[in-house]
Amino acid sequence: MRPCDRSCCRDSEGDQMRLIKSMILSLSMYSKIPMPQIECDEEDGKYMMIFFPMVGCIIAAATIGWSLLCSRLEIPEVARITVLAALPLVVSGGFHMDGFMDTADARASYQSRERKLEILKDPNIGAFAVIRVVVYELLLLASFSVLQEQKWLIVFALCYCLSRILSGISVVTFRSARQEGMLFYTAKTAQRMTNLIVLSLELIGIVAVMILYEPIAGCVAVGAALLTFAYYGWMSRRTFGGITGDLAGWFVTVTELVCPLALAVANCILHSIK
């Protein structure tokens with residue numbers, strides 16, 4: 001083999017290993033799924049966003065599996081909807097809910113932009129965050145109690161993937177509110193164009209699956225997610241001057257409430273028409 005061929009092979013093996021490390025880093029950072037301990041550097045994390053939606057796929061699989069089990073074993077409704085609400089928190093370790101709570105406190109403070117960014121970094125929890133989490137979970141439980149049809153629930157489960165794909169796109173395209181923090185580091189080290197292309201392909205794929213599987217539910221869920229994404233971009237620029245890790249977590253969490261709410265409302269409307 002010629003020297004250049006050996007060099008190409010080494011580069012290919014290095015890229016494959018970097019992809020594997022990016023996957024491990026992404027799953028270990030954004031979920032509580034046990035991952036092997038690895039040695040890594042800045043280069044190893046540049047494809048993390050590509051694998052971020054895998055966490056959503058795992059939550060979606062758990063959601064669908066639990067729903068099927070409930071149907072098979074006739075598990076009581078309270079247990080069904082409570083576990084459905086708990087699954088994303090268990091798998092993610094509450095990673096995104098933490099961002100939701102910090103953002104709730106910051107937005108409710110009505111302070112200056114600089115002060116709001118400081119509140120996002122404050123590890124203490126405020127009353128506004130607690131109130132919003134309680135309301136959030138109650139609305140989520142109400143939505144799940146309406147979503148009884150298996151096809152509609154499966155479409156909702158895929159929203160866990162959709163929310164993370166859109167969040168990943170925001171990380172590599174939106175402006176950062178500050179020049180520090182986990183999100184800034186992730187965006188700085190990421191191969192932006194590669195991540196954006198792959199995430200865009202993932203977005204097209206998941207949207208196609210949702211709409212083809214159940215057209216009405218798919219269109220409702222995708223529309224709700226895209227509207228939330230547009231609001232997230234506008235709100236983050238206007239209120240914080242850009243996005244942070246907490247704001248990205250806020251978006252994921254809010255999308256995972258807006259989608260089932262929209263599906264529940266649409267489902268009720270359809271049943272009332274019939």
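Placed from the backbone N, Cα and C atoms, the Cβ positions cover glycine too.
What TrEMBL lists as transmembrane segment is 47-69 (among others). Using a Cβ-Cβ cut-off under 8 Å and counting only residues 6 or more beyond its ends in the same chain, the transmembrane segment (47-69) has close neighbours at 18-19, 22-23, 25-27, 29-31, 33, 75, 80, 83-84, 87-88, 91-92, 150, 153-154, 156-158, 160-165, 167-168, 171-172, 186, 190-191, 194-195, 198-199, 202, 206.
Only residues 6 or more beyond the boundaries of the transmembrane segment (81-104), in the same chain, are considered here, and those with a CB under 8 A from a CB of the stretch are 29-33, 55, 58-59, 62-63, 66-67, 119-122, 125-126, 128-130, 132-133, 136-137, 140-141, 144-145, 160, 245-250, 252-254, 256. Under the heading transmembrane segment, TrEMBL lists 81-104 (among others).
As annotated by TrEMBL, transmembrane segment applies to 125-146 (among others). If you look at the transmembrane segment (125-146), the same-chain residues 6 or more away from its ends with a CB under 8 A from one of its CBs are 77, 80-82, 84-85, 97, 100-102, 104-105, 108, 253, 257, 260-261, 263-264, 267-268.
Here TrEMBL flags 152-174 (among others) as transmembrane segment.
The feature transmembrane segment is assigned by TrEMBL to 195-227 (among others).
As annotated by TrEMBL, transmembrane segment applies to 247-270 (among others).
Residues of the same chain lying 6 or more positions beyond the ends of the transmembrane segment (152-174) and with a Cβ under 8 Å from any Cβ of it are 30, 49-50, 52-53, 55-57, 59-61, 63-64, 67, 88, 183, 186-187, 190, 192, 195-196, 199-200, 202-203, 206-207, 209-210, 213-214, 217-218, 221-222, 225-226, 229, 232-233, 236-237, 242-243, 248, 251-252, 255-256, 259-260, 263, 267.
Here the transmembrane segment (247-270) has Cβ contacts under 8 Å with residues 88, 95-100, 102-104, 120, 136, 139-140, 142-144, 146-147, 149, 152, 155-156, 159-160, 162-164, 166-167, 170-171, 177, 183, 216-217, 220-221, 223-225, 227-229, 232, 236, 240 of the same chain, all six or more residues outside its ends.
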